[in-house]
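Feature annotation from TrEMBL assigns FAD binding site to E140, A141. According to TrEMBL, the feature substrate binding site maps to F460. The annotation domain 'Amine oxidase' is assigned in TrEMBL to 120-561.
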Amino acid sequence: MAQFGQAAALNLSGQCNVINFWNSRSNWRGGFRNGSEQTNALAFKGSDSMGHRLIIPNTHAVRKRPRNDVGPLQVVCIDYPRPELDNTVNFLEAACLSASLRTSSRLDKPLDVVIAGAGLAGLSTAKYLADAGHRPILLEARDVLGGKVAAWKDDDGDWYETGLHIFFGAYPNVQNLFGELGINDRLQWKEHSMIFAMPNKPGEFSRFDFPEVLPAPLNGIWAILKNNEMLTWPEKVKFAIGLLPAIIGGQAYVEAQDGSTVKDWMRKQGIPDRVTNEVFIAMSKALNFINPDELSMQCILIALNRFLQEKHGSKMAFLDGNPPERLCKPMVDHIQSLGGQVRLNSRIQKIELNKDGTVKSFVLNNGNVIEGDAYVIATPVDILKLLLPEDWREIPYFRKLEKLVGVPVINVHIWFDRKLKNTYDHLLFSRSPLLSVYADMSVTCKEYYNPNQSMLELVFAPAEEWISCSDSEIIDATMKELAKLFPDEISADKSKAKIVKYHVVKTPRSVYKTVPGSELCRPLQRSPIEGFYLAGDYTKQKYLASMEGAVLSGKLCAQAIVQDYELLVAWGQKKVAEASFV
């Protein structure tokens, strides 16, 4: 579940024809500013902590838009209390895994574990190894934490991010992580709804509202049944019948659908194409930045299972500020407080091997050599493939990685000269051919809040045909789509709301492309090379390409190293003995 949020990158030149993972700015950023206006970040009034109602005396914060066929929508800028997640089965399972690492046996010799990549997977690996009493040495190639949740501050002090990141109730390991770090109040929970733009009714939206009084899956069923704008009753019935095999077959059935695309599976189940077009184009782009004719149906079924089986599974929260400071820094502080290290600007040039094919060290670009008792690569899969030693490439475990390829995605930020009225305090599904999801971050996020000017953050996907285009071309295309979403306020010729500035962030290779057949290629965290491990959302775990998947992969990697402690100690002693003998 990538989105629900991991889009990224940068463009310094405006054009990018060559993908270079080794530049210290491996993602390409671009920005542009009109005039001298500056967006001032203001604090939410009445908000001492997240989870409490926020009342903002701003006429644009409440929006009633007449509708021809339904009652008016009222949108109020508020945050909702944290949902009751702590007693759900998945949350307790995640908590149990965390506890097992914290309470693992304290041994006389902690392991020095070298980890490459300080995204969520690498940070998670380091955090849970430190919890288990070991000494992680976390190496990040760039000067910013977060990987696919990285962000940068421009000259005006405004942040722009790698992606539009959404935290779901169905992310049990992420929710546990926030609790363990004591930062639950940094999540701004929104009303339990999914809001879709209506392409045939420019400027209007259709909602799926999940009633609080009903348990799962009844709340989800009610949300679908009550929405009569996107699907007709016959289409709902056919969709429900088509889903029966997944409901009855459970996880085994879901995993078996990795061989079908969303579009093919829907047709095979007798579900009308209009259901795919109305709902699942938007969902596919939100989950993996690609369309239903490419996405594996397994991905959709996993998301639907989480959303329908957990009462608060589809409830969304925004982080209250930029991810490097509000999420990654608390993880680093925790790691360092337990004796671990986090080093920025430490790019790996080479994995140096011993004569027996095991890892001897990580060699950095600056010539430094980092040695440890165990080694972890927690980078995106495309970077791992570039780092693989030649001697490993024909090992089946590594050879199958060739089929895993990151998907390109673009994140767009546009600051306007006024407050847009046709927007909401929530994530919005654009249903645009070029845009995936978007949000007015000046409303949804505490740090970015501004009562006078809107800042739209948008995910531009699918992006394969656009990744090499100039920033101005991407902005022009985005404005044409926004003119349909804001017909009274935005025009393609920019004669209405004016752009104050923008930033375009490109990621040529983001989360792995979840196409049919990719599930069998995902590796376990423990590799066949003694003392070498992998972490990342592409590795084997049940949440696919998502922030939850990245965090869980780190926990599973840490668990594998803890389980292998005796073997790693014995292996280290053997190496010392061999070196002494020589």
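Note that Cβ sites are derived from N, Cα and C of the backbone, with glycine treated the same way.
On a predicted model such as this, the values are computed, not experimentally measured, just so you know.
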Model confidence over the domain 'Amine oxidase' (120-561) (mean pLDDT, whole number): 96
Rounded Cα separation (Å) that holds between A141 (FAD binding site) and F460 (substrate binding site): 26
Distance, the residue listed as 'substrate binding site' to E140 (FAD binding site) (CA atoms, angstrom): 27
